[in-house]
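Okay, structure first, notes after.
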């Protein structure tokens with residue numbers, strides 16, 4: 001086994017550079033030459049100096065003996081500077097960017113490049129290349145640094161600021177899946193301190209690892225479900241990963257779940273109170289501290305942006321019991337990916353769980 005690992009490392013490091021990408025959103029035909037890579041939803045990534053930026057590169061399938069190479073295009077000398085090469089198991093960093101770059105690797109198809117502490121010289125064009133024998137593919141993305149101070153003189157509008165980051169989560173009511181028409185789904189998201197996600201937000205969440213077998217409404221009235229690991233109950237094993245679609249549905253009659261979107265909490269906090277409380281007692285425990293039971297969107301926001309990590313199930317305002325995990329471990333559900341785990345909607349009389357409280361500004 002050690003010999004095999006060593007051979008894998010040597011093959012990775014000795015091989016010449018390549019590039020890679022993943023699938024274009026549903027409804028937009030991918031270019032014919034892209035067999036394994038997804039076309040990026042937006043070819044330009046906006047960031048600011050000192051921030052962390054991620055250039056997306058996702059594979060729709062894993063070919064045998066492939067490599068992904070990231071490089072920065074250098075127009076001054078008509079060349080490219082290699083940044084990182086990976087074969088999915090091992091990787092090696094190159095050049096001056098080496099200390100500040102890593103692969104996001106949210107799931108096994110994700111080869112996106114993350115750059116920390118963005119500097120002035122990081123702005124420019126990058127290439128993600130899949131090297132797969134005679135079937136090499138690549139995509140290009142531009143990293144654009146926003147002008148934090150706006151244009152000189154103040155006579156022109158500043159460059160548009162990129163959309164604030166957020167998190168998409170699936171939501172269904174206590175009486176089971178596929179109970180919402182469109183208007184009920186929209187209202188349910190709003191009641192959880194969120195709103196229905198757009199297609200772009202759902203697609204981005206899929207590239208970051210969202211894998212969900214139940215179809216849900218999104219803001220434009222269409223219905224989709226994001227799949228990373230193809231499996232029989234979710235359309236079968238032969239379908240490629242992607243954001244699968246049912247298209248536009250009847251907003252009054254058709255019933256599905258909802259995909260909600262929420263953003264970072266500003267000046268607010270979600271925290272846990274330990275105890276063996278029923279639902280009513282959990283709410284009172286929060287009110288005793290000047291807080292309220294957290295909503296589902298607030299818990300997801302605290303998990304995503306404040307790295308809230310607890311192995312304890314707690315009541316939320318909708319009567320569900322959930323717990324947020326940022327560092328997966330065996331004793332906390334055993335699932336390998338981070339996420340907000342759910343115990344569903346147990347009887348509100350059960351004295352088994354603590355409470356997740358929310359306190360605003």
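Glycine residues also receive a Cβ, built from the backbone N, Cα and C atoms like all the rest.
Where the annotation comes from TrEMBL, it is an automatic prediction and has not been curated.
According to TrEMBL, the feature signal peptide maps to 1-20.
The domain 'Ig-like' annotation in TrEMBL covers 25-140.
The domain 'Link' annotation in TrEMBL covers 167-262 (among others).
As annotated by TrEMBL, disulfide bond applies to 213-234 (among others). Long-range Cβ neighbours of residue 234 (disulfide bond) (same chain, at least 6 residues apart, Cβ-Cβ under 8 Å): 213, 225, 227.
Break the domain 'Link' (264-359) down by DSSP state and the numbers are 19 helix, 29 strand, 48 coil. What TrEMBL records for 264-359 (among others) is domain 'Link'.
The disulfide bond annotation in TrEMBL covers 311-332 (among others).
Helix, strand and coil content of the domain 'Ig-like' (25-140), in residues and according to DSSP, is 6 helix, 48 strand, 62 coil. Applying an 8 A CB threshold to same-chain residues 6+ apart, the list for residue 332 (disulfide bond) reads 311, 323, 325, 341. Using a 10 Å Cβ-Cβ cutoff, residue 311 (disulfide bond) registers 13 neighbours. Averaged over the domain 'Link' (264-359), the predicted model has a pLDDT of 95.
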